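In what follows, a single structure is set out as structure tokens and then discussed.
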Amino acid sequence: MRVAVYPGSFDPITNGHLDIIKRSVKVFDEVIVTVLINPEKKGLFTPEERVELIKKVVKDIPNVRVESFFGLLVDFMREKNSNIIIKGLRAVSDFEYEFQMALINNTLDANVETLFMMTSAQNLFLSSSSVKQVAMFNGDITGLVPEVVAEELKAKIKETRKKKGD
Ligand code: PNS
């Protein structure tokens, strides 16, 4: 059985991520979508909230599991007996960062291979950070994230503003 891991921050999941998940399940027997902590990014949603959101979004896609992990991706791969990391590539600008991560992961564990899937044309410009920014300034995020994500993102921004007293 071919199990692949699709890791990311998913803060929150976008239609770009969802597209990669839908295409990955056609290639692998099982795909484990894994929320990992990127120490360089301050999150809006907690890891648990991100997992719950992804679960809601992928509920009708067979052979997808959603998990979270705190630590090195290669350690998670070993725990799951998987040696394939799936990553989506948008523009050339993603390449250097992704190439670096793929090399580090392969250096940490020579069995681990990173496979890149090209993003669909309509999602080329899409990122969780840009979606958050548009939502924060009350822009229209319809079509950028699944409906449930749009709702929870708006609620989260409201809640954060209230806490800050804005
Ligand atoms: O969605 P992102 O932010 O591009 O995902 C990056 C992520 C979370 C996959 C990456 O930061 C990661 O693998 N973090 C876990 C820690 C790790 O294994 N680091 C070594 C590779 S740089």
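Just so you know, glycine gets a Cβ as well, placed from its N, Cα and C.
Binding of ATP is annotated in TrEMBL for SER9, PHE10, HIS17, GLY88, LEU89, ARG90, ASN123, LEU124, PHE125, LEU126, SER127, SER128, SER129; the matching candidate from GLU79, GLU98 at the same site is GLU98.
For HIS17 (ATP binding site), the count of additional Cβ atoms within 10 Å of its Cβ stands at 27 [all protein chains shown].
Look at the domain 'Cytidyltransferase-like' (5-133): DSSP puts its residues at 55 helix, 29 strand, 45 coil. LEU124 (ATP binding site) and LYS87 (substrate binding site) are 14 Å apart (CA-CA, integer value).
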